[in-house]
Amino acid sequence: MNALGRHILAEIYGCDSNILDNLELIEDIMVQSAIVTGAEIREVAFHKFNPQGVSGVVVISESHITIHTWPELGYAAVDVFTCGDDVNPWDACNYIAKMLRAQNMTATEVKRGVFEKPVKVVNY
């Protein structure tokens, strides 16, 4: 089986609540997670909720990296979806968990676009 991409769904617990509620820090961590994996950043959008929490996306040429935080619970939901073989989504997940000072992370990898035969994707 051949997959177009790998999608990591990460549950990150025991995080520093001050980091989880800081828009600038979360945005920086997410952008840096793309940089350390060698991904090409296309767009960045983040939002701070009232009274707490941050959500955001880093759109990368290889797909996306997203986060939704619950500071009151010390929890972050993170998705990292990468296409191709050049960027390892696990590197981004592990970097994010480390920077959030997480006590625990559980994650599942889903293969996306699974074909029985190899497919050729045109890159523009």
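These residue numbers are counts, starting from 1, taken along the chain as shown.
Every residue gets a Cβ built from N, Cα and C, even glycine.
Quick look at what Swiss-Prot annotates:
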ACT_SITE  S63  active site, schiff-base intermediate with substrate
ACT_SITE  H68  active site, proton acceptor
ACT_SITE  C83  active site, proton donor
MOD_RES   S63  pyruvic acid (Ser)
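Locations of recorded Swiss-Prot features on the structure.
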residue	record	Cβ neighbours (10 Å)
S63	active site, schiff-base intermediate with substrate	20
H68	active site, proton acceptor	16
C83	active site, proton donor	20
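A separation of roughly 22 Å, to the nearest angstrom, links the Cα atoms of the residue listed as 'active site, proton acceptor' and C83 (active site, proton donor).
Cα of S63 (active site, schiff-base intermediate with substrate) to Cα of C83 (active site, proton donor): a distance of 6 Å.
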